[in-house]
Structures are given as C-alpha cells and as structure tokens.
Amino acid sequence: MTEEELKEMVLSNGTIPRHIAIIMDGNGRWAELRNKPRVFGHQHGMHAVRAVVEGCRELGCEALTLYAFSEENWKRPRGEISVLMKLLRNYIRRERENLRENGIRLQCLGRLEKIDPAPRKALEEACLYTADQTDMVLNLAISYGSRSEIVDATRSLCREAAAGRLEAEDIDEETISNALYTAGLPDPDLLIRTSGEMRISNFLLWQIAYTEIYITAVLWPDFAKKNLFEAVVDFQKRDRRFGRVKSKS
Ligand code: FPP
C-alpha cells in the first residue's frame with residue numbers, strides 16, 4: 001500500500017490516537033551497517049523526525065512526544081553528545097518557523113539545566129516562539145528520565161504541602177499527572193519503538209499505564225511516514241479495554 005492509501009485508511013478507520021510517543025532507536029546500528037560512525041545515523045534520523053511530525057499533524061493528533069536524549073545518554077562519548085546537541089539546535093533553527101506555521105507548539109520535557117547554554121537558549125526561544133499555537137504539541141524529551149520526572153513532581157508536591165497549599169488526602173492520580181512535565185496533555189494512546197528492542201527505557205512510566213505499544217524492526221533513520229501510518233492502522237485494530245471486560249456490540 002502507498003503512503004497516501006495508508007493515510008486514507010487511517011483517517012477513514014476512525015479513532016486517531018490523541019497522543020503518540022516514540023522511542024527513536026537504532027541510529028547507531030543503521031550507521032554501523034553502512035560502515036559509518038554512529039553520528040551518521042543520528043544525522044539521518046533527522047529525516048524521520050520531520051516525517052513523523054508532519055505525519056502526526058496530517059492525522060490530526062494532539063500531541064507527539066519524541067525521546068530525543070535520555071538522562072542516561074549523558075554517559076555517551078563527548079563527541080556523540082556534542083553532535084546530538086548540534087542536531088537539536090539545527091533542527092530548532094530550521095524548523096521553528098515551519099512548526100509555528102503549522103500550528104505546532106514546541107515543548108521540552110526533561111532536566112534542561114544540564115544542557116549547554118547555546119542549545120538550551122535555542123530550545124527555550126523556540127518554545128516561546130510557538131507558545132501560542134494550539135493545533136498540536138510537539139514534546140521533545142531531552143535530558144529526560146521518567147524516574148527523575150517523578151522525583152521532580154514529588155518534590156514540587158512536597159513544597160506545596162510544606163507551604164500549606166496541599167493536604168496529603170487531596171493527592172490523587174490527577175494531582176500527580178498535573179505535576180509531571182506532561183501536565184495538561186492526554187496520556188499517550190500509542191507508544192512506538194523502532195529497532196526491535198522490547199524495552200521502555202525509563203520513558204513516560206506513569207503516562208503509559210494504558211498505552212498500546214507498537215514495536216517495529218525498522219531502524220529509526222529508515223522510519224518513514226508510511227511506517228507511522230502502519231503503526232496507527234495496527235493501533236486501530238486493538239481492543240482497548242482499560243481493565244474492563246469486552247463491550248458487547
Ligand atoms: C537512539 O539510537 C537515538 C538517540 C539516542 C538519539 C535520537 C536523536 C535524534 C534522531 C536526533 C535529534 C532529535 C530531534 C528530535 C531533533 P542509538 O544511538 O541508541 O542507536 P543504537 O541502539 O543502534 O546504538
């Protein structure tokens with residue numbers, strides 16, 4: 001099936017995921033298969049980033065969250081980290097106008113204070129530049145770890161309690177959701193991981209409690225809009241019960 005046919009199928013099937021989250025994996029292996037350095041894979045991964053942003057916007061998704069750089073990724077060689085930061089900065093520089101024109105609000109999730117001033121400034125400015133857009137949210141998870149996110153949320157709730165603005169008994173699931181970096185967004189309906197790895201890798205642990213998971217062997221630099229639409233077609237076949245029994249038709 002062509003990309004257009006798949007898109008038509010997705011749109012006519014009905015349920016479009018409100019929020020898609022993606023673990024972009026396999027850049028290094030993609031480069032190794034071509035006898036190139038790992039960073040070559042990251043560079044090519046940028047095509048896939050553009051394709052999924054465009055694809056999600058075409059489908060009318062409310063949010064797309066991309067795992068761009070984990071807290072654990074700080075342990076990678078300095079050269080690789082610096083290429084990844086440069087790619088992020090270039091992406092922001094080149095795409096911020098395009099994001100705004102397409103109604104997309106950019107948001108960064110993670111401990112941004114660890115990022116060097118130049119890429120951090122570029123990210124913060126692009127978030128401000130697109131802050132009034134309302135058609136879709138693009139979350140870039142950078143210097144992100146889900147356990148750290150939960151730690152940060154817990155600290156902010158403790159501060160509220162210490163200041164007398166919050167009672168322990170008033171804390172419920174919504175209170176916690178609203179204290180996370182993803183506050184205000186629906187939980188992901190679909191989580192895609194490329195390169196065949198069967199792991200969550202400290203990504204959105206709280207938010208994916210009822211998310212449908214789709215794992216593909218495709219390596220991230222090869223992931224095209226067509227692959228995104230295939231994942232959504234698969235998602236549309238799932239029977240989501242959220243712990244209840246199957247509803248009778
Ligand atoms: C995982 O592949 C990929 C990453 C750690 C980085 C993903 C980043 C990009 C695609 C570029 C920047 C992104 C944006 C949104 C502007 P890996 O290196 O772990 O691959 P491997 O498992 O094959 O070694």
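Counting begins at 1 with the first residue displayed.
For all residues, glycine too, the Cβ spot is worked out from N, Cα and C.
Here is what TrEMBL says about this protein:
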type     : residues                                        : note
ACT_SITE : D25                                             : active site
ACT_SITE : N73                                             : active site, proton acceptor
BINDING  : D25, E212                                       : Mg(2+) binding site
BINDING  : 26-30, R38, H42, 70-72, W74, R76, R193, 199-201 : substrate binding site
Is any of D25, G26, H42, E71, W74, R193 (recorded positions) within Cβ reach of ligand 1, i.e. under 6 A, and which?
-> D25, G26, H42
Rounded Cα-Cα span from N73 (active site, proton acceptor) to W30 (substrate binding site), Å | 18
For the binding-site residues listed here, G26, G28, which shows the highest count of neighbouring CB atoms within 10 A?
-> G26
Determine, to the nearest whole angstrom, how far the Cα atom of I200 (substrate binding site) is from the Cα atom of E212 (Mg(2+) binding site).
-> 12
Three-state secondary structure, which DSSP defines for N73 (active site, proton acceptor) | helix
Report, in whole Å, the straight Cα-to-Cα distance of E212 (Mg(2+) binding site) from W74 (substrate binding site).
-> 29
Given the recorded positions D25, E71, the candidate whose Cβ has the fewest other Cβ atoms within 10 Å is E71
How far is it from G26 (substrate binding site) to N73 (active site, proton acceptor), counting Cα to Cα, in Å?
-> 14
Of D25, N73, E212, which recorded positions come within 10 Å of R193 (substrate binding site), going by C-alpha to C-alpha distance?
-> D25
